[in-house]
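I have placed the structure first, in the form of C-alpha cells, so that the comments after it can refer back to it.
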Amino acid sequence: MNRSAAHIVTEFVLLGFPGCWEIQIFLFSLFLVVYALTLMGNGAIICAVKWDPRLYTPMYFLLGNFAFLEIWYVSSTVPNMLANILSKTKAISFSGCFLQFYFFFSLGTAECLFLAVMAYDRYQAICHPLHYPIIMTRRLCGTLVSLCWLTGFLGYPIPIFFISQLPFCGPNTIDHFLCDMDPLMALSCAPAPITEFIFYTQSSLVLFFTITYILRSYTLLLRAVFQIPSTAGRRKAFSTCGSHLTVVSLFYGTVMVMYVSPTYGISALMQKILTLVYSIMTPFLNPLIYSLRNKDMKLALRNVLFGRRISQNS
C-alpha cells in the first residue's frame, strides 16, 4: 500500500477532557496558569544558576539544564492542549500529531537520562566527597548533558517514522489530549506487532535501566549517609537528595504505570490524569521541590524574582 493510499486520515481529533463550555473555560484557565508558572519557575532556576556565583557547582549546572529541559517538555503538549480546548473541531494535522509524538517521547527519554545523571552526581558528592571536584568537572558535566539530549532525540526517529507509515483509514478520534502510542496504534488499519514491540522494548529499557541505576545509586548513597557521625551532616545530605528523590518518585511512578504495566484495565480518564502528572505537574512542581529545602537556591531565586542583593551570610 503506497503512502497516498495508506493515509486516508489527514488529521486526528483529540477529544481532551469532556465537559460543558464552562468546564472547558475553567480547564483552559487552570492549565494556562500552570503553564505560565512552570515557565516562570523553571526560567527563574536557569537565571539563578547562571547569575549566582554560589550556584557554580555541578549539581546546580545539571539542575539548570534540567529546568531548561522541563520548559521544552511541558511546551510539547500544553500549548496545543490549550488551543484544542478552545477549538470547535479539536483537530490536529497528521504531521503535527506525529511531530508532537516524537518530541514528547524524545524529551521524556532525555528527562529519564537527566534524572539518572543527577543521581550519579549526588552519589559522587556524598560517597566520594574528596574526589568529587576532580570527577565532576565542567567538561564531564557538559558531556553528560550533551549525551542526554542526543540519546533522547536520536532514539525515536526511526520507530516513529515506521509508525507514521502505517495505514490510518479511520476513524480518526483520539480519546486523549495528546498524540500517544496506544491511541495511535488503536487507530491503525493494519496490525504492526514488530513495530509496536520495538517501540515498547526501547521505552521499557530506558525506564528500567535509568530507574535501576538511580535506585542502586541511592542505596549506596543512603548507606554512606547513615555512616555520617553528626546529625547535622546527615540532615544536610538528606536535604540535597530528598528533592531529587521526590521528582524521581513522581515522574517514574506515573510513567511506569502508563508505559510498563498493562493499560487495558485503566480508563481513558485515568490515563489522561496519569499523563498530566508526569508531563505537566512534574515540570510545574520542579522549582518548588528543588527550592523548598535548599537555602542557596532559595536565596538565589529570591534574588532573581525580586531583584535583591543577598549576601552569602543572610
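Just so you know, glycine gets a Cβ as well, placed from its N, Cα and C.
What TrEMBL says about this one:
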type     : residues : note
DOMAIN   : 41-290   : domain 'G-protein coupled receptors family 1 profile'
TRANSMEM : 25-48    : transmembrane segment
TRANSMEM : 60-78    : transmembrane segment
TRANSMEM : 98-120   : transmembrane segment
TRANSMEM : 140-163  : transmembrane segment
TRANSMEM : 197-216  : transmembrane segment
TRANSMEM : 237-261  : transmembrane segment
TRANSMEM : 273-292  : transmembrane segment
Stretch-level contact, the transmembrane segment (237-261) and the transmembrane segment (140-163), CB cutoff 8 A, at least 3 pairs: no
Sequence-remote partners of the transmembrane segment (140-163) [C-beta within less than 8 Å, at least six residues beyond its ends]: 58, 61-62, 65, 69, 98, 101-102, 105-111, 113-114, 117, 120, 181, 184-185, 192, 195, 198-199, 202, 206
